[in-house]
Every structure is written in structure tokens, then in C-alpha cells.
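Contents: one structure, followed by commentary.
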Amino acid sequence: MARRDPMKLKTTNVPLELYDFARKWLTLLSLAIMLVLFLINAPFGRFAGNNHRRGRHPVGLFNSSLFLVDGIRSWIVMEMVAPLTFIYALFKSPLSFYKVPLPDAFSPQGVLIILFLIHYANRALINPLRTPSRSTSHLIVPLAGIIFNLANGYIMGSYLSSPYGRIYLGGQWAFERTSFRVGVLLWLVGFVGNVAHDEILLQLRRRAAERKAKDEKEVEDDDSKNKEKEATVTKKAAAGEYYGIPSGLLYEFISYPNYFCEWIEWTGFALAAAPFPIPIDASSVSTFQSSILSALRTIASPWTWKNALLTPPYAFAPTLPPPWVFVLAEIALMLPRAYKGHLWYKERFGERYPKGRKAVIPFVF
């Protein structure tokens, strides 16, 4: 049944119902896609059809060159959707019954808005424009990314401009809350770590591009003498990007520290922006443990998932606000990619790849 907007003479409120729909299905589909990604590789980067180690993706649908798109341009288009949709939702404030002014830049809401936009300025523009090259991607990847960013940008902007968000983050007292301070600090640590580890990858790409250009120039300078080498270089160029073993900082412990740092970043953001979605009693060690176990039993119950599927979007997981949906969705979608990429590194480099290096969580996984 559609909900009534008590402030308007309408039987439905489309922006509000769109928010409910996006919040529910972004959560559930991310978890479902996580299971799929443990079985097949997303067709972009090293796993795109023409970059795959065997020259073809195991899923035939992903091998057609007609659907391969430029890696850098498609990335920019895909990622720019999130901040644009976020800004639109801030201005429209779909969860408000009346038009509300934008928050002050120095308010808790304003700080979080700036942090969100800083992340996407780096992710959507600064980083890809500094990248010398990026492997091609199957069209399905940027299309899926656009859908994800449309939903995520909409619910995040809607939440921060909502009555609940304004109450929870309203007033200067929010700056005094421990969760806000710790959350912003975690965001900063995660963001800096993300940029630092991306810079290591950028340096690898730059060296690879220089090496590739040098190889091709040697062939051009002495093509009559090095026909065999020319064939080798041509084969390398056709196979896609050059890859090396990254090292330094958290790369000494895990293959995907940029993913790990991004999880820290958005966990900090969620901690600052919204209450934790699961009630936790930390009054004593025993009650803390029992509350955690109770939450895990609830999550693991098949009845929980059956109800989640059947529940109308407006009643879905009422204690799960968008910042925590974002954290959950990011981990769900990035964890299998990190695992598959880690296996690829080990297969590609064999004994040269550090044996003690984990996939994405230091010393754990």
C-alpha cells in the first residue's frame, strides 16, 4: 500500500517511495551479487575478455569487442553519477514535507556533505585523469556502476537532508559526540590510505607505460633486425595492460589495501552520520557478547531473509540507514573482487608473489 504524505493532498509520494525502493534493493541485490562474483569475474580490468589471461572471459557474453569501452572514460562517467545524484537529492530533500535550506558548511551535516564530495572528486576525476592507462571494460560494468551510484547517491543525499538526519546531526552538540569525532577521524585515515595506495598503483602503471613505449620504439628503430621481437611486443600490446607486484605500506600485508582503506573510510562516515543499525549493549563484556551473538543469530536466520524479501520497501530494515547500507554494499561487492584478484596475482606471479600476503584484511583474509 502506498504511503500518504500528510502535508500534501496526494495519495502517493513518488520521491519517498523511490527512496524506500532504492534502500531495500541496493542492500539485497548487493548481497546477491556478492555470491555471483565469487563464482565469476566481473568483466573489467584484468578480467575483461581481451585482457583475460586466456584471451577470453569464461562467460561468452562478455567477450564481444562490440561491448568493450574505454577504461578511463567509462570510469569517469560511472563515478560522476554518484555526486550528481547526491547533490540533486540534497536540493530536493525527498524525505522532507517542505523545502529545507541547504545545511551550513560548518555544521555536522555540512562537514559530512563535504567529505562525501571530496571522496568522489578524487575517485571520479582526479585519480582517473592522472592514470596513464586503464584496461578496457565490458559495457555491463559501467552500466551496473551507474545503477549503483544512482541509488546510493539518491539515498545518501536524501538521508542527510531528511528530518531524521537533521535531528541526529543538528546543532553544534553533534561535534561533541564521540562517534562523530571517531567517525571523521576514521574517514580521514581511510581516505589518506586510499590515496596513498592508489598512488603506488599509479607509479606501477606509469613505469609499465614507459616500458611499453620503450619496447615499441626499439622495434620501430630496428624492425628489419628484430622481427621476432616486434611480434612479441605486438602480442603484449594486444593482451592489454602490463602488471607488476605492488609493494609498500599495506601492500606488504594484503593485495588490495585500497579496498580495505575505502571500507575504513565509509565505516567512519557511517559512524559519524548515523546510529549503528544493530542495538549493542556495551555495559559489560558479557552483555556485549550476548548482544552480538543475538544480532548474528537474527541475521543468519532464514526467516530474516524471507521476511526481508517479502516486506514492503517502506518497512524494510527500519534501523538500517543509508550510510550503513553503503558500507554493507561496498564490502559485499568488493570482497569477492579482492579475493579473485588475489588469486590472479598468485597465479600470474607464482613464487615471486609474497606468500604471507592476504587478500584484503591484514592477517585474516
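Even glycines carry a Cβ here, placed using N, Cα and C.
Taken from TrEMBL, the feature domain '3-oxo-5-alpha-steroid 4-dehydrogenase C-terminal' applies to 139-208 (among others).
Residues annotated as domain '3-oxo-5-alpha-steroid 4-dehydrogenase C-terminal' in TrEMBL: 234-275 (among others).
The feature domain '3-oxo-5-alpha-steroid 4-dehydrogenase C-terminal' is assigned by TrEMBL to 316-365 (among others). For the domain '3-oxo-5-alpha-steroid 4-dehydrogenase C-terminal' (316-365), the DSSP counts in helix, strand and coil order read 31 helix, 1 strand, 18 coil.
Same-chain residues lying 6 or more positions outside the transmembrane segment (25-44) and placing a CB less than 8 Å from one of its CB atoms are 57-59, 62, 71, 135-138, 140-141, 148, 151-152, 155, 308-309, 313, 316-317, 320, 325, 328-329, 332-333, 335-337, 339-340. Residues annotated as transmembrane segment in TrEMBL: 25-44 (among others).
The list of residues near the transmembrane segment (65-91) in space but at least 6 beyond its ends in sequence, with Cβ under 8 angstroms from a Cβ of it, reads 44-45, 48-50, 102, 113, 116-117, 120-121, 123-125, 128-129, 131, 133-142, 145-146, 149-150, 152-158, 160-161. Marked as transmembrane segment by TrEMBL: 65-91 (among others).
Marked as transmembrane segment by TrEMBL: 106-126 (among others).
Residues of the same chain lying 6 or more positions beyond the ends of the transmembrane segment (138-160) and with a Cβ under 8 Å from any Cβ of it are 15, 18-19, 22-23, 25-26, 42-44, 48-49, 57, 62, 67-69, 74-75, 77-79, 81-90, 93-95, 103, 109, 112-113, 116, 169, 273-274, 321-323, 325-326, 329, 333. For 138-160 (among others), the entry in TrEMBL reads transmembrane segment.
Annotation comment: TrEMBL describes 180-197 (among others) as transmembrane segment.
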_pLDDT averaged over the residues of the domain '3-oxo-5-alpha-steroid 4-dehydrogenase C-terminal' (139-208)_ = 94
*asked:* Let me spell it out: take the transmembrane segment (106-126), skip the flanking residues so only those 6+ beyond its ends count, and list any with a Cβ under 8 Å from a Cβ in it.
replied: 75-76, 79-80, 82-83, 86-87, 90, 156, 160-161, 165-166, 169-170, 172, 174-175, 180, 184, 187, 191, 195, 265, 269, 272-273
*Over the span of the domain '3-oxo-5-alpha-steroid 4-dehydrogenase C-terminal' (139-208), count residues by DSSP class, listing helix, strand and coil in order.*
63 helix, 0 strand, 7 coil
